[in-house]
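Read through the structure below, which is laid out as structure tokens, and then see the notes.
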Amino acid sequence: MQCCYVSVSALMLLIDFYFSSILRCAVHASRFLCVFTVSRNLQISSKMSPEGKRLFNIVVLGFGFMFMFTAFQTCGNIEQTVIKSFNNTEFHGSGYTSMAIIYGVFSASNLIAPSVVTVIGPQLSMFFSGLLYSGYIAMFIYPYTWSFYTASVLVGIGAAVLWTAQGNVLAINSTDNTIGRNSGIFWALLQFSLFFGNLYIYCAWHGHVHITDKDRQTVFISLTVISLVGCFLFFLIRKPDPEPVAPSEQSQSLLQAESSESFSTASSPDVGLCSQALDAFVRACKMFGTREMLLLSLSIAYTGLELTFYSGVYGTCIGAMTRFGQDAKSLIGISGICIGVGEILGGGVFGMLNKCSRFGRNPVVLLGLITHYVAFYLIFLNIASDAPIAPEPGTDLQAYITPSVGVALLCSFLLGFGDSCFNTQLLSIIGFTFRDNSAPAFAVFKFIQSIMAALAFFYSNYLLLHWQLLILVLMGFLGCVTFFLAEWKAESRRQESDYDSI
């Protein structure tokens, strides 16, 4: 009994040391970034053109999300595998259930997210939301069931605010000519997170059949610190200059000025924050019924379903395939890297080719659908049907061909590339169509996407692989058709605008 007490005490001291180390790192990082932000902002204000400052903001936004989601996407990719390996009989959580809670709360919170961004501004919105992400990751250092699901609820709320603020910053730092380019740059930087995080997982877990407590704690301490660095990077984002202004105004923070410009109504300047927040909420609700958003809703819904599949289900399937050998667990990291390479390639290529495209967004979306269909077919042939719900030892079943690691990793790349096709074009068309109401529009986008992701994580606990693939095939086809209709309408609107400006 005394030995047990000493062990528990030692463990608590170790945890306290971990959190103290993380806190010290965060404090030092915040001090450095505060000093760096002041000096850097003065340089930006005096040396950069308005367009250069907007591009700088997009790059900083991308790097901030890259650090945060290096931690969070890696966490989501491995958490179900990690949970199966817990040496704790008191923990009864499920990674799929946690992600379902996150995306369920995420979807509901999107209705109030524009109001939050209106009140505190996009910069602080992203920072505080990022802290919630960091808390969720830190929970895995020493998890309890209650803290696991509580953190899931909190990060769902934070996600809604984070992505609404992100969409707002992307829109106000873009023009009709640069929205496609900026969407591609942001998406490519964001998806570098899949590369770095999963490379670390592969190196840390290579040859491990079972994930020990020490393995888990080492990984999640590192991921927590990485996430905190991303949070503080948001303070480098500055208020864009839509037109030449006085030098004294150029150094103003994005913190307060942005929310008033993006969400202000035609009413008098002394309208209270509560009225602005209510107005943002009402406009977000009304946006559901617009023809453009209804047409895009099926495409957005499909991205939610395939987000669940590539970020949570497919990695678990690979790790459960005992026919891949003793390195099956470490292959989860390699799979994530291949997804990231596909995402980065797609985001970079479509961002650079945006100005050269004469055919609009439809060919890119069609390419994404074809790429996904090839991936789904190969996965159907290569991965056992019970892999998503297999127990911790894995599954010995075989699909229709001899399981191949090469085919599995090729499918990972195709999943990432196809996802970038859909998401870059959705970001572009929403930023163009709803420029004057960017925050409510991106809130609705994330509401639809997250509620479908929550639904997918829920049924992933029960459905065999081939049923999940069938759902993706059907929703992908419907989403592609409705996107074509929305794009034709957007192109018609662009041509009318060009004609009126002559």
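Every residue gets a Cβ built from N, Cα and C, even glycine.
For 55-73 (among others), the entry in TrEMBL reads transmembrane segment.
Counting only same-chain residues 6+ beyond the ends of the transmembrane segment (93-112), those with a CB under 8 A from a CB of the stretch are 76, 79-83, 143, 145, 148-149, 152-153, 155-157, 159-161, 164, 281, 284-285, 304, 308, 312, 316, 443-444, 446-448, 450-451, 453-455, 457-458, 460-461. Summarising the annotation, TrEMBL assigns transmembrane segment to 93-112 (among others).
What TrEMBL records for 148-172 (among others) is transmembrane segment.
Listed by sequence, the residues of this chain that lie at least six past the ends of the transmembrane segment (184-207) yet keep a Cβ under 8 A from its Cβ atoms are 58-59, 61-63, 65-74, 77-78, 170, 215, 218-219, 222-223, 226, 326-327, 329-337, 339-341, 343-344, 346-352, 354, 416, 420, 423-424, 427. The annotation transmembrane segment is assigned in TrEMBL to 184-207 (among others).
Summarising the annotation, TrEMBL assigns transmembrane segment to 219-237 (among others).
Residues 73, 76-77, 99, 103, 287, 339, 365, 372, 412, 415-416, 418-419, 422-423, 426, 429-430, 441, 444-445, 448-453, 455-457, 460, 468, 471-472, 475-476, 478-483, 485-486, 489 of the same chain sit 6 or more residues outside the transmembrane segment (293-311) yet have a Cβ under 8 Å from a Cβ within it. Per TrEMBL, the feature transmembrane segment maps to 293-311 (among others).
Under 8 Å from some Cβ of the transmembrane segment (331-353) lie the Cβ atoms of residues 73-74, 77-78, 81, 180-195, 197-203, 205, 310, 314-316, 318-319, 324, 364, 368, 405, 408-410, 412-421, 424-425, all in the same chain and six or more residues away from its ends. Residues or ranges marked as transmembrane segment in TrEMBL: 331-353 (among others).
Per TrEMBL, the feature transmembrane segment maps to 365-385 (among others).
Here TrEMBL flags 397-418 (among others) as transmembrane segment.
Counting residues 6+ beyond its ends, the transmembrane segment (439-459) has Cβ neighbours under 8 Å at 96-97, 99-104, 106-108, 110-111, 113-114, 117-118, 122, 156, 159-160, 163-168, 171, 262-263, 280, 283-284, 287-288, 293, 296-297, 300-305, 307-309, 312-313, 426, 430, 433, 468, 471 in the same chain. What TrEMBL records for 439-459 (among others) is transmembrane segment.
Per TrEMBL, transmembrane segment is recorded for 465-486 (among others).
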Surrounding residues of the transmembrane segment (365-385) on its own chain - C-beta under 8 Å, 6+ positions past either end: 299, 306, 314, 317-318, 320-321, 346, 395, 397-401, 403-404, 407-408, 410-411, 414-415, 417-422, 425, 464-466, 469, 472-473, 476-477, 480, 483-484, 487
Tertiary contacts of the transmembrane segment (465-486) (same chain, 6+ residues out, Cβ under 8 Å): 292, 295-303, 305-306, 309, 313, 317, 361-362, 365-366, 369, 372-373, 376, 379-380, 383-388, 422, 425-426, 429, 433, 456, 459
